[in-house]
Amino acid sequence: MNSTSFSQVENHSIFCNFSENSQFLAFESDDCHLPLAMIFTLALAYGAVIILGVTGNLALIMIILKQKEMRNVTNILIVNLSFSDLLVAIMCLPFTFVYTLMDHWVFGEAMCKLNPFVQCVSITVSIFSLVLIAVERHQLIINPRGWRPNNRHAYVGIAVIWVLAVVSSLPFLIYQVLTDEPFQNVTLDAFKDKYVCFDKFPSDSHRLSYTTLLLMLQYFGPLCFIFICYFKIYIRLKRRNNMMDKMRDNKYRSSETKRINIMLLSIVVAFAVCWLPLTIFNTVFDWNHQIIATCNHNLLFLLCHLTAMISTCVNPIFYGFLNKNFQRDLQFFFNFCDFRSRDDDYETIAMSTMHTDVSKTSLKQASPVAFKKINNDDNEKI
């Protein structure tokens with residue numbers, strides 16, 4: 001790094017280390033400064049995402065935890081996903097926005113290390129929560145008579161995810177540094193006593209190896225696995241619909257199963273789409289940062305980062321849009337009313353492996369009245 005001209009601070013260009021992505025300090029020309037109107041617009045956008053991310057995920061967590069009948073495998077994993085999104089909204093958005101605009105770190109050494117560490121942990125937890133949800137849906141639909149995860153399995157899976165996330169993020173606690181090194185040869189008064197926060201790996205090869213590993217661990221690998229699971233689910237449901245008899249209850253259950261699968265798949269697709277621009281930006285910058293013009297770096301990074309952060313709002317939006325129970329409970333939540341079980345009002349949706357479809361043999365032997373009772377008893381409430 002050329003500290004004399006100081007055209008850039010060292011890069012933090014990995015998928016999870018988005019908030020510490022290198023800042024270009026183009027103090028030689030005012031042309032590189034963002035217009036006030038653009039800064040104001042970005043501030044409003046970031047503020048809106050923070051508010052939606054925090055309130056939406058907090059409401060979703062509170063509603064699911066308060067309603068005992070909603071504590072099934074899928075909803076437990078949804079709570080874990082929302083909690084990780086909540087951490088990202090709190091620990092990432094405000095710090096990243098301020099750091100990118102100011103081009104120097106003002107939050108102290110402890111936050112310099114904790115900020116990227118917590119962000120990396122949160123994103124790892126988010127993507128692997130989606131993996132576990134895909135596995136749960138796969139077993140429920142593809143192999144209903146085989147092994148099916150229960151609530152205890154979900155808690156164990158969540159614990160394993162957090163351990164994996166913490167271990168894979170440890171390099172940020174080790175190599176993240178707060179230093180004034182880039183400013184030591186700068187004579188401008190505006191940059192005196194200023195610090196930057198970035199990762200200082202032993203070598204570029206170490207950094208590139210680690211960032212490439214995280215790219216596969218946090219994005220491409222899990223998403224490929226998830227889409228394979230949902231593709232198999234789609235094929236099975238399509239065959240089941242073609243073979244399904246014309247019983248109204250069967251058609252109702254099939255419709256509800258399809259709706260909940262669309263909701264879960266939509267969350268995955270939104271995650272992949274939101275994170276794609278920042279993933280491409282970081283990958284390109286990691287391997288050939290000269291491609292990105294100095295004056296366009298901060299604006300381009302903020303736009304990519306803001307798009308990625310929208311993913312923190314997706315979970316409660318899709319969950320609420322496709323779940324009438326959540327919409328009703330959300331009204332109670334914002335009206336500060338007590339949550340209470342409303343068995344008569346809840347729609348029934350086969351969300352969890354805790355209560356799966358009864359076998360075809362038992363359905364054939366059951367009378368229409370008994371069949372309807374089985375359906376009502378076996379469907380999950382979310």
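Placed from the backbone N, Cα and C atoms, the Cβ positions cover glycine too.
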What residue among Asn11, Asn80 has an entry for N-linked glycosylation site in Swiss-Prot?
Asn11
Record feature N-linked glycosylation site (Swiss-Prot), assigned residue among Asn17, Asn72
Asn17
Look up the topological domain names in Swiss-Prot for Met70 and Asp180, then state whether they lie on the same side of the membrane.
no
Of the candidates Cys16, Cys32, Cys197, which does Swiss-Prot name as forming a disulfide with Cys112?
Cys197
Cβ neighbour count (10 Å, all chains) around Asn185 (N-linked glycosylation site) is 11
Once the DSSP letters are reduced so that anything not helix or strand counts as coil, what is Asn185 (N-linked glycosylation site)?
coil
With an 8 Å cut-off on Cβ pairs and a sequence gap of 6 or more, do the transmembrane segment (34-54) and the transmembrane segment (299-319) reach 3 or more such pairs?
yes
Is the transmembrane segment (299-319) in contact with the transmembrane segment (154-174), using at least 3 Cβ pairs under 8 Å (sequence separation of 6 or more) as the test?
no
